[in-house]
Amino acid sequence: MALKTLGAKAAAALDKELMSTGAFSIDQLMELAGLSVSQAVFRVHPINKGRRVLVAVGPGNNGGDGLVAARHLRHYGYHPTIYYPKRSKNELYQRLAKQLEDLDVPFVDDFPQALSSTDHVIDAIFGFSFSGEVREPFPAVINALAETKVPVTSVDAPSSWNIEEGPPKTGVGSNFHPNFLVSLTAPKPLVKHFKGRHFIGGRFVTPAIAAKYDFDVPEYEGLDQVVEVGPSGQKL
């Protein structure tokens, strides 16, 4: 049985519905998404593998999820560092950044240098709404992620990948294959091209919404905000 996935348009409609009839605020959804990412990182990269986590943050919601994940990781005892070259003027993102600054989490400008001295990377650059060209300064960042030996966890989508089609055929991101992927709410069609360990996060979807958008809500256990799934969608 193949994993049921959610295309870009459906994912956008679902988010809209969660924030209207679903009565969630964007802050809540981002908090829960970032929390699930932090738990996935804790599973695949426990603290004894190294505390240093570099978070590459994009300008939109995907970046917001990364900022939240970094805050939780800091509270777990990791030492996150943030690369956030295109800061949003949106008040929500400014608050998320301030929360990290108050925890003395460093923000860095030199991505290659930060990458050379970290134990794990979170790719929170682009999410399901990404399309078109990768704009500066992110091409060099994605190329560096493609070439590094440091393990990479991508949030919702490997940055630069097409949500439906997977990695681009040529150019930036064509050779980017992260080790771990945390699909938020439901997997996107690109997962058929993903070969690493795959987690689903987003423990807030009602059965009615899942039925409407025709995807399966995995069985989360205990306190877990993530479930690891195999290629056909079965729990691991």
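The backbone N, Cα and C atoms fix where each Cβ goes, and this holds for glycine too.
The (6S)-NADPHX binding site annotation in TrEMBL covers N61, N62, G63, G64, D65, G127, F128, S129, F130, S131, G132, E133, D156. Taking Cβ-Cβ distances under 8 Å and a sequence gap of 6 or more within the same chain, the neighbours of N61 ((6S)-NADPHX binding site) are I26, M30, G127, S129.
Feature annotation from TrEMBL assigns K(+) binding site to N62, D123, S159. Non-local contacts of N62 (K(+) binding site) by the CB criterion (under 8 A, 6+ apart in sequence, same chain) comprise A124, I125, F126, G127, F130, V155, D156, A157, S159.
What TrEMBL lists as domain 'YjeF N-terminal' is 11-217.
Confidence over the domain 'YjeF N-terminal' (11-217), given as mean pLDDT on the 0 to 100 scale, stands at 96. What surrounds the K(+) site, by Cβ distance within 8 Å of the Cβ centroid and not counting N62, D123, S159, is the set A56, G58, G63, G66, A124, I125, F126, G127, S154, V155, D156, A157, P158 from the same chain. Counting only the Cα atoms, the space from D123 (K(+) binding site) to G132 ((6S)-NADPHX binding site) is about 18 angstrom.
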